[in-house]
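Just passing along the structure, written as structure tokens.
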Number of protein chains: 2
Amino acid sequence: MLSFVVDAKDKNCSARAGTIKTTHGIIETPIFMPVGTVGSVKTLTPDELYEIGATIILGNTYHLHLRPGDDIVAHFGGLHRFMNWKRNILTDSGGFQVFSLADLNKITEDGVEFKSHIDGSKHFFSPEISMEIQKKLGSDIVMAFDECVPYPSEKSYVAKSLERTTRWAKRCKEYSLDYHQSLFGIVQGGVFKDLRKISADQLIDLDFPGYAIGGLSVGEEIPLMYEIAEYTAQLLPEEKPRYLMGVGTPEDILNGISFGIDMFDCVMPTRNARNALLFTSEGRLSIKRADLAKSDDPIDKNCDCYTCRNFSRGYLRHLYKAGEILAMRLNTIHNLHFYISLVKSARNAIINGNFEAFKNDMLLKLNQGGNNV
Amino acid sequence: MLSFVVDAKDKNCSARAGTIKTTHGIIETPIFMPVGTVGSVKTLTPDELYEIGATIILGNTYHLHLRPGDDIVAHFGGLHRFMNWKRNILTDSGGFQVFSLADLNKITEDGVEFKSHIDGSKHFFSPEISMEIQKKLGSDIVMAFDECVPYPSEKSYVAKSLERTTRWAKRCKEYSLDYHQSLFGIVQGGVFKDLRKISADQLIDLDFPGYAIGGLSVGEEIPLMYEIAEYTAQLLPEEKPRYLMGVGTPEDILNGISFGIDMFDCVMPTRNARNALLFTSEGRLSIKRADLAKSDDPIDKNCDCYTCRNFSRGYLRHLYKAGEILAMRLNTIHNLHFYISLVKSARNAIINGNFEAFKNDMLLKLNQGGNNV
């Protein structure tokens, strides 16, 4: 079971710095978790992730169940050993993918029947099955099986769904995980504050070691997402880690931190990297740009990642244009380093009592380069 | 200009160990040169190549001329700086690609007009233009511009062609390269020993610091390739490095070494790696094999490469099946490590006076796993 302490709180907003401890080490929060969908953070080795400073990565239960299969991963002693990753792993419940990726057949009180997006084969996920799979994967943080409703949804449906998500969370809690695993509850309720309150209260009653805010960044406008995230974060216990699932841009993360969120994950830095879109301290940069062909500069003069220490924009542009796989690797290293440095800097600012100034300065910088793309 | 000394010679065959010195460091021979076609050895960083033990890589003049263009590379101070590679580089002349990849238009005494395989644009390579491009690329070893005739070809055509290749070699030699660059002549003559002899004699008259055997491994049977390679190698000066271009399998390299060849290059280890075919001390292994799904073993128990030290066959199979880019990287590291270890071991065996036993033992081992694929 994990432990969590709040190391420092900001005076002007809800931002906080904390420390999570598990059997796989320390996670200083706020933290960004690179997404390792199917047993690798795309293009990178564990050693590269250590160098970037990643202390926890995310694995996808849905994907790993379909390929290679959780029995295979269990044969190797769990996901840590399978992929040779020695730090923390959080696995999602498969709920989000079942609803977003799979060909959905039927939701019942018992669970969800769905077809694989890979081969159309039929599968069934219930709270117990999701727990069983995540137990086999051996992740340090296990997510409760929930229904992530689409946006927009009828309020009546969202209300009905969140009640079922609570009943499912209870069933997850009754499942016996490994001693080293911690189960997080996921607050749902769509964009309706009263429903978020109901969901949060019900889950807090179940006393999880951590809470996630699910069902956001699924199509709603950003101001509404911020409003619901901030509102929901305040409902959650101070002494437990808070995780905003699947969010988001650097701007979203800075705002999320100010709402009191501790943990973030998103495919954006890795996916964008593979599509030539880079994050820098002066805004976004498309490495495809023709005018970079002779640029001797690194991606970001303020960055000390492996890519920026060793390669020019001109070389990276060439690699990308020539379709070289090395382009995706080097871009991924940079983008993940940017995200992880961002949350590290936010943490330091919180501890040093100047988070608000840091945040406003970063938001300005991130915007100034809006035209670079 | 490079220097070359023969450190040791085998008593039973023509195998020899040597040392090439250039401004970019020492190359102990026999050596295998990973192919970095378009400014990267596909999927790998220079640091990974250093760890594997690569002391020289190959760059392709044709590809780099088309993309990003030699002016761009020159802007960055040459290929070493452009790709941040600190050891040696050999560039080919573009001749082979002009004849094999491009849409060929016309060969004249002056040079070759061809269309780009990328966009169909028209280009012209002459001996002088090839030298100019390679000077801009700044490679340590520059290859003379030659015609690589297809197999089979009429003897009369091969004879005519090799005479032109000699005239082109003379023109290359007259071109003023950078002080640190060394120009190798390329012996042609197809599968005809008398023509190989004529070509070798003509090129030796021009006194190059090294000689390549070109025009082999282009479709002829392996025994014939060996026969011509061995015959041609014997024609070349003892005191100059000998390079067998574009060859080959581990078996080919062992045999090539026994013929007195010092340098090899081939896309086989890198290309096969990306297609799941791995080289091991017990023969070839397809990492796609279903029965490897639960294998805890490394690719090769006798290998100490990064991949074998850290990952199982089961994990690598999964990565490959899931289409993860990391699979190509890890497979490439292993295959290149295998090739470079093979030539290092051959070198040690030559120095220790047991090359023949080593070679026969390795050929047996390489064959025993023929069924593993």
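From the backbone N, Cα and C atoms, a Cβ is placed for every residue, glycine too.
Okay, so TrEMBL annotates it like this:
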{"type": "ACT_SITE", "residues": "A:Asp92", "note": "active site, proton acceptor"}
{"type": "ACT_SITE", "residues": "A:Asp265", "note": "active site, nucleophile"}
{"type": "BINDING", "residues": "A:Asp92, A:Ser93, A:Gly94, A:Gly95, A:Phe96, A:Asp146, A:Gln188, A:Gly215", "note": "substrate binding site"}
{"type": "BINDING", "residues": "A:Cys303, A:Cys305, A:Cys308, A:His334", "note": "Zn(2+) binding site"}
{"type": "DOMAIN", "residues": "A:14-365", "note": "domain 'tRNA-guanine(15) transglycosylase-like'"}
{"type": "REGION", "residues": "A:246-252", "note": "region 'RNA binding'"}
{"type": "REGION", "residues": "A:270-274", "note": "region 'RNA binding'"}
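Help me understand the surroundings of these features in the structure.
Counting only same-chain residues at least 6 apart in sequence, those with a Cβ under 8 Å from the Cβ of A:Asp92 (active site, proton acceptor) are A:Leu58, A:Gly59, A:Asn60, A:Thr61, A:Tyr62, A:Met143, A:Met245.
There are 23 other CB atoms within 10 A of the CB of A:Asp265 (active site, nucleophile), with all protein chains counted.
In sequence order, A:Asn60, A:Thr61, A:Tyr62, A:His65, A:Phe125, A:Ser130, A:Ile133, A:Phe145 are the residues near A:Gly94 (substrate binding site), counting only same-chain partners six or more apart with C-beta under 8 A.
The Cβ neighbour count for A:Cys305 (Zn(2+) binding site), using a 10 Å radius and every protein chain shown, is 23.
The average pLDDT computed for the domain 'tRNA-guanine(15) transglycosylase-like' (A:14-365) is 97.
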At the Cα level, what's the spacing in Å between A:His334 (Zn(2+) binding site) and A:Asp265 (active site, nucleophile), rounded?
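About 16 Å separate the Cα atoms of these two residues.
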By CA-CA distance, flag whichever of A:Ser93, A:Gly95, A:Phe96, A:Gly215, A:Asp265 among the recorded positions is nearest to A:Cys303 (Zn(2+) binding site).
A:Asp265
Using the centroid of the Cβ atoms of A:Asp92, A:Ser93, A:Gly94, A:Gly95, A:Phe96, A:Asp146, A:Gln188, A:Gly215 as reference, list every other same-chain residue with Cβ within 8 Å of it (recorded substrate site), in sequence order.
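What remains near the Cβ centre is A:Val98, A:Phe99, A:Met143, A:Ala144, A:Phe145, A:Glu147, A:Cys148, A:Ile186, A:Gly214, A:Met245.
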Given the Zn(2+) site residues A:Cys303, A:Cys305, A:Cys308, A:His334, which other residues of that chain have a Cβ within 8 Å of the mean position of their Cβ atoms, reported in sequence order?
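Counting only non-site residues, the set is A:Pro298, A:Ile299, A:Asp300, A:Asp304, A:Tyr306, A:Thr307, A:Arg309, A:Ile333, A:His337, A:Phe338.
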Tally the residues of the region 'RNA binding' (A:246-252) by DSSP class, grouping H, G and I as helix, E and B as strand, and everything else as coil.
3 helix, 0 strand, 4 coil
What is the one among the binding-site residues A:Cys303, A:Cys308 whose Cβ has the most other Cβ atoms less than or equal to 10 Å away?
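By the 10 Å Cβ neighbour count, A:Cys308 comes out on top.
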